[in-house]
There are 2 protein chains.
Amino acid sequence: MAGTFIIAQGGGPTAVINQTVVGAVLEIRKNHPGARVLGSRHGVRGVRDGDYVDLTDMREDQLRLIGRTPSAALGSTRDKPDAAYCELVLKGLQKIGADAFIYIGGNDTSGTQQILTDAAGGKIAFVHAPKTIDNDLVENDHTPGFISAAEFVAGAFLSVDLDFRALPGIYVGIVMGRHAGFLTAASAAWRLDGDSGPHLVYVPERAFSVDRFIDDVKATMAKHKRCIVAVSEGVSTADGRSLVETIVGSDKVERDAHGNVKLSGSDLNRAFEQALAERLPGKRARVDALGYMPRGYIGAVSPVDAQEAFDAGAFAAGVAAEGGGSVALQYDGKKTVFRKVPLSSVAAKTRHMPDDYLRKDTNDLSDAGLAYLHRLVPAKYQVGKPFV
Amino acid sequence: MAGTFIIAQGGGPTAVINQTVVGAVLEIRKNHPGARVLGSRHGVRGVRDGDYVDLTDMREDQLRLIGRTPSAALGSTRDKPDAAYCELVLKGLQKIGADAFIYIGGNDTSGTQQILTDAAGGKIAFVHAPKTIDNDLVENDHTPGFISAAEFVAGAFLSVDLDFRALPGIYVGIVMGRHAGFLTAASAAWRLDGDSGPHLVYVPERAFSVDRFIDDVKATMAKHKRCIVAVSEGVSTADGRSLVETIVGSDKVERDAHGNVKLSGSDLNRAFEQALAERLPGKRARVDALGYMPRGYIGAVSPVDAQEAFDAGAFAAGVAAEGGGSVALQYDGKKTVFRKVPLSSVAAKTRHMPDDYLRKDTNDLSDAGLAYLHRLVPAKYQVGKPFV
């Protein structure tokens, strides 16, 4: 097909999501001479509103520079279209004469593409290209964006652990992740030895208890003279409520338009600070959220991640020519391979950490969990062992 | 002199403070064959307690690997010795037969060395080798550790600005710095163009007002559709109290053993969150502290900083042979040069940002301030201009 290809980016940016745009554009230009390639600004919102940037003739060196730049160069959106919104998007696509719509995002994006597919009646190819630092898409071994984010987190905890060897105390680092603990688990990827932090890793896949946490910290301090903790912002208590909601109260907690509890405020920091101050008084303690750094810090863009994100875009162009679907990064036992899977198989599902990636007895990764991380995020820096 | 050289590290670690140890050790071994070189664990505490690691015969490749590793490999301390403590340190030095003591740290460290010099009566050479991410030592153009930290901060704000171009809103990033704003100012070093953040930079050298802040944010949102703010944790209100103290109340604020207000908790985050939620309701806002990342993130070690830190250690070894003093990094108009200055000229003084580094009218860097930053932290990454 020559035709018109629309590309958009949705959800939280990543360090390499622009590579996927560039991979798709270059593949389309190669395989479909004469095709028009438009980037929609701010995801489906740009399609709805007819707000495009024309990528058809943009110079390749310019495109490749955009590819190397973190965050979503086309802009992104948090809009999760319902049926009425999807109808407006479909009208927008029809108006511009689209033959294919490649939407780069997480499981919500795949869901949007499924709704659009059903509504369009086969006239437009809808493609979902994966991205998410949360690494929580089913059908995927891992997702573009995760490796760079994981490298940042691994480097951050390696660095903080070195810092706390020099000046001992308790450190709690809060890492993005509402439902899946992969990114928090990455904190353990670059531990130097048995004394290295993080000593405790709390993920949403395991119920969190403040009592247990305090006991864990005490035991770690006794053993290592310092305690480095990695915790997902989305950890939940045994009743299934998020820790933030449990602490702040269900009636007082902030929620977004979709009813999701807002995890990003300082409530969680404060809760950890207070628990440590009250129950381990006199101990030096610091609680920090890593915030947005993992998803787009310009100094931690992984070349492997960048290449995979680019290849995912190129593969998405092929899926568009085949009528649509979701692009999945799978592992064949030796390398990452790209496969087309049905949109519905990814939509509205969340991939959690496999149970055997976590230890049964302690809040830590199992050997299987560490093996997975070491395959994706092998050690990057040589480090000298401190004298303390 | 052959003799015995003691080396120690004090205060907050940096990404390159180990280079200074290694530079000193290798220079001593070169110039003083047969000399004994001991590293004291945890700063003066190790001297007081006789806790050393012998670096005399350590393999050079091992030492250089330690040099490339962030944080203080010998351990550090927050102890600020008074006269009685200094006497114990002096006894420790005499007991081990020290001829020279090289202490790597900030202005407190220089003060300690001055007290020890006065007490020792000329029998031991006391040297202060500079390090601090705060860049607040007088006599110095800049300090080892600052450039790496500044690169992290510059990269962090460049990345966050790209993130907020994709998903607009208000971002407040809190940066370490009690009295001097250099590190927070570094947030502006890698702005791409006139639209780039940080749009507002608040440093301790200017009185902070919440009213003014809200007005600034409103004006920035109107102009740029997003607002990226860099703020020093040490910003003070017009009455001279730190913002944290003003917010929390002088009677309730936490203090350390020296009476300094604890700046590192979540109080400041919360204060900004609340001010934005109350006075700019409905706007997406995120407040994060960059925390410890700037001072030791393993992915942001500047080669220039590493070399200067190494050279500062080597120069310190020469100063030890000359009887003691403080090592200063100065700028001769073309390059960084090392000079010996009196300990007393650095001790207990704080270098603030020169007044002309800041604009008079807005909370931003002046051309002179930007020129200083661009000399020390030139652009490192090529970035493609986003389409939004």
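Positions of Cβ are set from backbone N, Cα and C atoms, glycine also.
Just one of A:Glu60, A:Glu233, A:Glu245 is listed by TrEMBL for the same substrate site as A:Thr132, A:Ile133, A:Asp134, A:Met176, A:Gly177, A:Arg178, A:Tyr292, A:Met293, A:Pro294, A:Arg295, and that one is A:Glu233. Chain B comes within the C-beta cut-off of under 8 angstroms for the following of the recorded positions A:Asn107, A:Asp108, A:Met293, A:Arg295: A:Met293, A:Arg295. Mean model confidence of the domain 'Phosphofructokinase' (A:6-316) amounts to 95 (pLDDT, 0 to 100 scale). The most densely surrounded of the binding-site residues A:Asn107, A:Thr132, judged by C-beta neighbours within 10 angstroms, is A:Thr132.
In space, A:Gly12 is the closest of the recorded positions A:Gly12, A:Asn107, A:Asp108 to A:Gly177 (substrate binding site), judged by Cα positions. If you take the Cα of A:Arg295 (substrate binding site) and the Cα of A:Asp108 (site 'Important for catalytic activity and substrate specificity'), they are about 18 angstrom apart, rounded to a whole number. Neighbour counts were taken as the number of other C-beta atoms within 10 angstroms of each residue's C-beta; across the binding-site residues A:Gly12, A:Gly177, the minimum falls on A:Gly12. When the recorded positions A:Asp108, A:Asp134, A:Glu233 are compared by the number of other C-beta atoms lying within 10 angstroms of their own C-beta, A:Asp108 comes out lowest.
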